[in-house]
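In what follows, a structure is listed as structure tokens, so that the remarks can point back to it.
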């Protein structure tokens, strides 16, 4: 079992600098570099994955669109959504891509269960769902045996921008969020519970909070 998993709490940061930093981290890390997970909220932005098609961007309006190098299609990030970027040496951990996705889904399902919310994964559509509505999205890139990008959990946010796209390429896909199912929630507490679940499902022994920037 690996030892300590490091987390960086980035607060709210624009998407592109974080994306560029995770690319640098992945490109420059050595075979002994510790894994990290970055937790962040983004200002409103649509990100279009490598499989994305222009027709799934219906009416982006004043929200910027960024073409990115993760798998999947278009999604939305905004305030009140908890994003976790998993910067892992998956080769060293011994995870296949499908295994890692399943671990991420189980992490989210157990987090939601801790709030009394029943959620499921779908074998043909990565992510986590409540009664058919999507509450969490997943998208990864593997480079040199290491992962970047990650997951996005809708906690307590404005869901309207999802109606401007076909989320993850699915026309009319309903979106939901934790606040609609669990009443009053604290964002920081959701983040803490996510950290604990990630440590558990990535087979780490413990966690620590990393200091310093990502530049």
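The backbone N, Cα and C atoms fix where each Cβ goes, glycine too.
For reference, Swiss-Prot has these:
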type: ACT_SITE; residues: 168; note: active site, acyl-thioester intermediate
type: BINDING; residues: 70, 71, 72, 73, 74, 75, 76, 77, 137, 138, 139, 150, 151, 152; note: substrate binding site
type: DOMAIN; residues: 31-206; note: domain 'BPL/LPL catalytic'
type: SITE; residues: 134; note: site 'Lowers pKa of active site Cys'
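For residue 76 (substrate binding site), the same-chain residues 6+ apart in sequence whose C-beta sits under 8 angstroms from its C-beta are 44, 45, 46, 47, 63, 161, 162, 164, 165, 167. Annotated pair residue 70 (substrate binding site) and the residue listed as 'active site, acyl-thioester intermediate', C-alpha to C-alpha distance, rounded: 12 Å. DSSP gives residue 74 (substrate binding site) a strand state. In this structure the alpha carbons, written CA, of residue 72 (substrate binding site) and residue 168 (active site, acyl-thioester intermediate) are 7 Å apart.
Each residue contributes its Cα atom, and for residue 74 (substrate binding site) and the residue listed as 'active site, acyl-thioester intermediate' these two points are 5 Å apart.
Straight-line distance linking the Cα atoms of residue 151 (substrate binding site) and residue 134 (site 'Lowers pKa of active site Cys'), rounded to a whole number, equals 12 Å. With respect to their backbone Cα atoms, residue 139 (substrate binding site) and residue 168 (active site, acyl-thioester intermediate) stand 10 Å from each other. Counting every protein chain shown, the Cβ of residue 137 (substrate binding site) has 24 other Cβ atoms within 10 Å. Between the farthest pair of Cα atoms in the substrate binding residues (70, 71, 72, 73, 74, 75, 76, 77, 137, 138, 139, 150, 151, 152), the distance is 16 Å.
Residue 137 (substrate binding site) is 8 Å away from the residue listed as 'active site, acyl-thioester intermediate' when you measure Cα to Cα. For residue 134 (site 'Lowers pKa of active site Cys'), the same-chain residues 6+ apart in sequence whose C-beta sits under 8 angstroms from its C-beta are 127, 128, 167, 168, 173, 174, 175, 176. In three-state terms derived from DSSP, residue 134 (site 'Lowers pKa of active site Cys') belongs to an extended strand segment.
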